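> Quick one: the structure is below, and I'll ask about it shortly.
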Amino acid sequence: MCRLFAITSETPLSPMVAMEAMDVMREGHDGSGVGLFLRDLSGPFEEMKDAPILSGIFSEAGIKRLDRHMMDLGFMTKYRISIKVPKVPPEGTPRRDLYLIRAYEYPEEWDILSQADKEDRLVQIRLELRRMGEAEEDMIVFSFWPDVIMIKEIGDPMTIARYLGFDRKELHARIIMAQGRQNTNYAINLYACHPFFLQGFASMTNGENTAFVPIREYLSSRGVQGYGGYQSDSEVFTHILHYTVRRLGLTVETYKHVITPLQDRTIEGHPDGAFLKQLKHSCRRLTIDGPNCVIGCLPDHTLFMVQDRKKLRPGVVGGKPGRWAFSSEICGLDAAIPDRDKSRDFQPMHLDTTIVAPDRQEIDICSQTAPLHQPR
Amino acid sequence: MLPDRPITPTTLSVKDLPWQIHWDKDKCTLCGRCTAVCPVHAIEPAVFRKRMFNASLTPGQAPTNVHQVYHGIRQRTDPAYACVGCASCTLVCPNDAIMPMRSDESDKLRYHINRGGQPRSRGGRRNAPGGILDQIKFIRISMLTDPALDAGRHEFELRTLLGRVLPPEENMRRFREKGWIPPVREIYPLIIGGMSFGALSPNMWEGLQLGVTYLNEELGLPVRICTGEGGCPPRLLRSRFLQYVILQIASGYFGWDEIIHALPEMEVDPCAIEIKYGQGAKPGDGGLLMWYKVNKLIAAIRGVPEGVSLPSPPTHQTKYSIEEAVAKMIQSMSMAWGFRVPVYPKISGTSTALAVLNNLTRNPYAAGLAIDGEDGGTGAAYNVSMNHMGHPIASNLRDAYLTLVKVGKQNEIPLFAGGGVGKNGNLAANAAALIMLGASGVQIGKYVMQAAAGCLGSENDRCNICNIGLCPKGITSQDPRLYRRLDVDMVAQRVVDLFLSFDVELKKIVAPLGRSTALPIGMSDALGIGDAAAAERLNIKYVV
C-alpha cells in the first residue's frame, strides 16, 4: 500500500515538509519511488504565474531534441531550475542526465488564443513530448502547465529528496502533494507514479482500482485529449475528476457521486435524488470499485480527500486555519502540523468528501446523503 | 421377429432406438401406471409366451416342458412411438421396476423420423453438451493489494440498467433544460426470457409471475420476466404487476390486439417492450405454436381460431429493411406508451449482429439489444434449425460490446445475452462471464423450466416434446390433465429459490474480484480461459 501526503498552506513551504511526513510513514511504503506535485509556487515562479512550466527527466540527447522542438513551436525559456545531482545516484535510482524544471514564454501567436485553446494546446504539446520520449527513451514529461512543478523518481523518498535537493528555496510552494510508492510492478515506469496531472487537475490514490479496465475503456472512448496512456489504474481518477468538473461542469462534491454513487434506495430518499439518479445512470462506467483513498487538487487550488464506498484505505485530515494537511496516517499529520488541535482531526468515511477551499480557513465535510450545493 | 415377418426399411429393433426401456418382471406389480402415463405411448401392456423346462435330477426321468404366458411391458419400435427418455414411467412406478436407459451407441431412429417427408420437429434445446462459457474462469482474485470482500456480509449493488442511457454531457443538459430523458429501468441482471403463454401452460406461467412478484414485492429484487410472443392475460395487463413484465411483440403479433385494447386501462407501464426479430434456437425462423396447444384459452388471448398451428413469419411482414423493421417499430412502440417505456430489439446470434447494433447506436429511441445465442431453447422448431443454425453467444456478444467501446457508446446501449446460459447447471458462472465480456444482463429460459418446474430436458435429447403439448411435467402443455400436475405455488417458490441462490453465487464470484459497488460489466481483465484461440477471439487472458 502506498502512502499519501498533501498540504495546503497560506505561507509557502518546503517540499521537505512532505518528505518528512512521508518518512515517518515509511512502514507503509517500501521506498520504491516518490512523486511530488507542487502548485501555487513561491520564489522566482511567483512572478510568472501564467508561464507554463515543463517538468520532466531528460537525457543529453533528449534535451537537445526538446530545445529544438520547443524552439520550432516558438516557446522561449523564461526561467529554469537546474538540478545538479551527485555523480553517483543512490542505490536503486537510475542515473539521469537532467531533471528539468523550466518556465516558458508563450509564442507570440498564442496571444490571440482563448484560454481554453491555450490549455488544449499545452496538453497537446505535453503528449507530443511524451510520445517523442517514449520512442527514443530520452525524455519523460510529467507536466506542462503554469504554476505547477512535478518530480518523480525511483527510490526512497527521503534519500531522493536529499539527492535532488528538495530543500532549495525555488521549490517552495503553498500546495504540495506527495506519494511514497509501494510498488506493485516489478519494472518501475515513472508514468505509473502518482500524482497524476491533466489540465490543472491532479490526484493521487492509495489502493487498487478493481474496475480499472471498463473505466479505462470508457475514458479512452470519450474523445478527450489526454485521456490515455494509462500506466496505472489510478490515473483514471484524475481524468474522472477532469471529466466531472471540466466536461460536466459539476463540483468536487459531485465527484464522489460519480465515482461511488449512492445505492438506489438511498437515492430515492435524497433531496437531489432525481439529479443523482441521472448522474448515476449516465456515469455508470466511471463508478470505481475501490478500495481507494483519493487526494486531489483542482485548478482553483481546492484540495480534497475522498474515500470509496468500501472505506478500506486510511486517510486523515487535520490542521489549523491557514494550513491543512491530508495524510494516510496520523503520524504524517503530526510531523507536518504538530501544533494543531488533534481532537479536530477528521477521517473521512465511505460517504464523505473533505474539502479545503482556496482560502484555507476550514475543512468542509460533505456527506453524500446531504443536499448538493451545486447549482443545477 | 418371426422369420416370415416382413422387413421394411424402417423396421427397427429396440436396440436401434435412442432409449431402451428396462423393465423388471420380478418387481412389476402390473399396476399399469407406466403405460398410462407415457406421453408418447412408447410402452404398452403385453402378453409374453414363455416355455418352461423341468429337468428332474432323478436318473431315468425324462425332462418335461410347459408353455406359459406372463404379462408385462413391451416397448414399441415404431418410430412414431419411440421412447423419448422422459422417464415418467420411472416416476410413477411404485416399485422402481421400469426405467429408460440411453442406448450405448448412436441410434438408428434419427434416419427414420421423417415419415411423410416431414423432417423431425421438436421442442427443447440444441443437445450439445459443453460450451465455451463453462470454460471461462475468474482469475483476477483480490490478494493483499486489495482485500477480497465477504460475499455473505458486505453490501452489494448488483443491478443493471435497461434503457437508452444518454452520454453524461447530454444527460446533464437535458436534466437542466427539462428535456426528454429516455426511460431507464433499474433491474436485476438475470431476466426470465420470452416464453409465451401458449408455449407454457397456464400453471407454469402463473407460477413464474407469482414468483417474480414475490421477488419484487417481498424481497426487493427487481426481477423482470418477458412474455414471449403470445400476448398477456387481460387481468395481468390491467394490474400493477405489469411493471415486472417485458411485453414481447414478434412477427405474428399474437396477443397484441388484446394489449392495445388494454392500453387505456393500464394501471402501470410495462417494464419494457421487446421486439423479437430472431431467436437463438431457430434463427431466421418464426415462432411456432403447434395446433395441439391452441385450445380455447390460448385462441382467445391470441385472437385466433382454436386448433390451428400458429407459425409466425420469419420476419415482420410489414417491414422490408432494417430501417423499417427497427427504427419505425421502435418509434411506434415508444409512442404507444408516450415514450415512457424502453423498447429494444431481440435478435438471434448472427454474424450480422454488428450491422444491427450499428443501426441502433444511431437510433435515439433504441433502448438496448438482446442477442440470443445458438444454445437457446424453444417450444417448437425443426430439428435442423435447432441443431445447426445460429451463432454462439460469447463471441457475438463480445464483438458487439467491443464495437460499442470503440464508438464510446458502451454505457448507452445495454446488451443482453441469452442462449445456453446455465445449460450445464452453472448459471451464475455463465452469467458472470457474459457480464464481464460486456453484457448488461442475461436472459434465461430453459434453466428456469428446469429449476422452477423440473423440466426433464437434458443436453442428450431427452424428452423434447414441448411442441406437441404432452409435457409430462405439465410445463408446456395446454391439457389440464397434464398441467394440473404442476402446482402454481410450488413453481413460484422454486423461482424464488433459484433467484436467491443465483444472487448468493453471483456475490461469491464478484466478491473475490473486489467488486461490490457496481455490476462488473466489461471487466474482462478478470476472465481467463485455457484455450488460446478462444482467449484471442474473446480478447481475454489465456491461462494454463
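Cβ atoms are placed via backbone N, Cα and C, with glycine included.
The [4Fe-4S] cluster 2 binding site feature in TrEMBL is assigned to B:C83, B:C86, B:C89. Annotation comment: TrEMBL describes B:C93 as [4Fe-4S] cluster 1 binding site. What TrEMBL lists as domain '4Fe-4S ferredoxin-type' is B:19-48, B:73-104.
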> For B:C83, B:C86, B:C89, B:C93, listed as binding-site residues, tell me which one has the smallest number of other Cβ atoms within 10 Å.
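If we count Cβ atoms within 10 Å for the binding-site residues B:C83, B:C86, B:C89, B:C93, the smallest count is at B:C93.
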> Using DSSP, what's the helix, strand and coil tally for the domain '4Fe-4S ferredoxin-type' (B:73-104)?
8 helix, 8 strand, 16 coil
> Across the domain '4Fe-4S ferredoxin-type' (B:19-48), what are the DSSP residue counts per state (helix, strand, coil)?
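Output for the domain '4Fe-4S ferredoxin-type' (B:19-48) reads 5 helix, 11 strand, 14 coil.
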> Around the recorded [4Fe-4S] cluster 2 site, report the further residues of that chain (criterion: Cβ within 8 Å of the mean position of the Cβ atoms of B:C83, B:C86, B:C89; site residues excluded), sequence-ordered.
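Counting only non-site residues, the set is B:W19, B:I21, B:C38, B:P39, B:V40, B:A42, B:I43, B:V84, B:G85, B:A87, B:S88, B:T90, B:P100, B:P472.
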> Any idea what the Cα distance is from B:C83 ([4Fe-4S] cluster 2 binding site) over to B:C93 ([4Fe-4S] cluster 1 binding site), rounded to a whole Å?
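Distance between the two Cα atoms comes out at 16 Å.
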> In angstrom units, rounded to an integer, how far apart are the Cα atoms of B:C86 ([4Fe-4S] cluster 2 binding site) and the residue listed as '[4Fe-4S] cluster 1 binding site'?
13
